[in-house]
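Visitor: Below are the features I grabbed from TrEMBL:
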TRANSMEM  12-31  transmembrane segment
DOMAIN    23-297  domain 'Sugar phosphate transporter'
TRANSMEM  37-62  transmembrane segment
TRANSMEM  74-96  transmembrane segment
TRANSMEM  133-150  transmembrane segment
TRANSMEM  156-174  transmembrane segment
TRANSMEM  186-206  transmembrane segment
TRANSMEM  218-238  transmembrane segment
TRANSMEM  250-273  transmembrane segment
TRANSMEM  279-300  transmembrane segment
REGION    303-334  region 'Disordered'
Amino acid sequence: MSSPGKIDNKTTLDAASWMFNVVTSVGIIIVNKALMATYGFSFATTLTGLHFATTSLLTFILKRLGYIQDSRLPFLDILKFVIFANFSIVGMNVSLMWNSVGFYQIAKLSMIPVSCFLEVVFDKVQYSRDTKLAILLVLLGVGVCTITDVSVNIKGFVAAIVAVWSTALQQYYVHHLQRKYSLGSFNLLGHTAPVQAASLLLVGPFSDYWLTGKRVDTYGYTFVSSTFLILSCSIAVGTNLSQFICIGRFTAVTFQVLGHMKTILVLTLGFIFFGKEGLNVQVVIGMIIAILGMIWYGNASSKPGGKERRNFSSTSSKALKHAGSESSDPDEKV
């Protein structure tokens, strides 16, 4: 049994990890919005490639300085991860272009059920009734906040399916690789970021030209836009690292559920900085529902049986318990 001191320390680290992710994620949204909307740098895929190039440079420097230990990750696993991640990035951009904003938000919300499905199938995770209901409440609340017009077309629907499944697989794979190879967040980034940066910088200019009709090499760089570009890449290092830390410490499902806290925060900051346009009774009700769902999820998933990984030996363990032996609990808390 864990001591109270260890539990308190874990809770503190979990909270710090999550705040790190929230701050960097909201920060990069604000900077990228200024970079794209104000200064016209609409090359999202290329920008993501630059983000991973900056992350690769930092991990290389830290490794040379001895702050990151050598580790091993088979190239086939790196390749699978990069394929999932790149399809996620391009798929999300295409989905946003081909779908209405409402259907795009519905697609993003569907990542939680897909992530649950992956954990149930591959990790044999079982959810309690309260945990499932809490997830549904979060989905309902965020849906009420963000979904307005909804229109569907065939190519947009296909793009959304590719985006949702590739994103869910990429986030599941982050947790899986860290657990399988005992990798830290920086170790995993050190293996995957260079390959992802190279592939995105190769494909990005063509993808962005297809999506926007503009070429990144003809963009008129200014001192201010270049400053925002450097700031975006710098914050992205923290965003990438914090995502790996959070998924490693929690799971992809928990990361998705708590991730909607950032949606609520962005809406709230938009109201504070840009006035009351877009804030109405529907949005406020949705925020309240989503926050209640997040609180319920945190409470339900932390209880015994709220979210557990079933071992194949559970049947024999239970039989031994009935016989009076002191076997260990077959359910592993996740």
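Glycine too: its Cβ is placed from the backbone N, Cα and C atoms.
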Visitor: I need to check the long-range neighbours of the transmembrane segment (12-31): which residues 6 or more away from its ends have a CB within less than 8 Å of a CB in the stretch?
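Guide: That would be 228, 231-232, 235-236, 238-239, 242-243, 245-246, 249-250, 258, 261-262, 265-266, 269.
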Visitor: Which stretch, 37-62, 133-150, 156-174, 186-206, 279-300, tops the Cβ pairs under 8 Å count with the transmembrane segment (218-238)?
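Guide: Result: 37-62.
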Visitor: Hey, which bits of the same chain come close to the transmembrane segment (133-150), Cβ under 8 Å, at least six residues off its ends?
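Guide: Non-local partners: 100-103, 105-106, 109, 112-113, 116, 127, 253, 257, 260, 263-264, 267, 282-283, 285-294, 296-297, 299-301.
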Visitor: Residues of the same chain, at least six outside the transmembrane segment (279-300), with any C-beta under 8 angstroms of its C-beta?
Guide: 128, 130-131, 133-146, 254, 257-258, 260-261, 263-264, 267-268, 271, 306
Visitor: Please report, as numbers and ranges, the same-chain residues at least 6 past the borders of the transmembrane segment (156-174) whose CB is under 8 Å from any CB of it.
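Guide: Cβ under 8 Å, 6 or more out: 80-81, 84-85, 87-88, 91-92, 94-95, 98-99, 103-104, 107-108, 110-111, 114-115, 118-119, 122, 188, 243-244, 247-248, 252, 255-256.
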Visitor: Taking residues 6+ outside the transmembrane segment (74-96), which of them lie with a CB under 8 Å of any CB in it?
Guide: 44-45, 48, 104, 107, 156, 159-160, 162-164, 166-167, 169-170, 173-174, 177, 191-192, 195-196, 199-200, 203, 207, 211
Visitor: Same chain only, please: residues at least 6 beyond the ends of the transmembrane segment (186-206) with a C-beta under 8 Å from a C-beta of the stretch. Say none if there are none.
Guide: 43, 45-50, 52-53, 55-56, 59-60, 62-63, 67-69, 71, 73, 78-79, 81-82, 85-86, 89-90, 174, 177-178, 215-217, 240-241, 244, 248
Visitor: For the domain 'Sugar phosphate transporter' (23-297), provide the mean pLDDT of the predicted model.
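Guide: Averaged over the domain 'Sugar phosphate transporter' (23-297), per-residue pLDDT gives 87.
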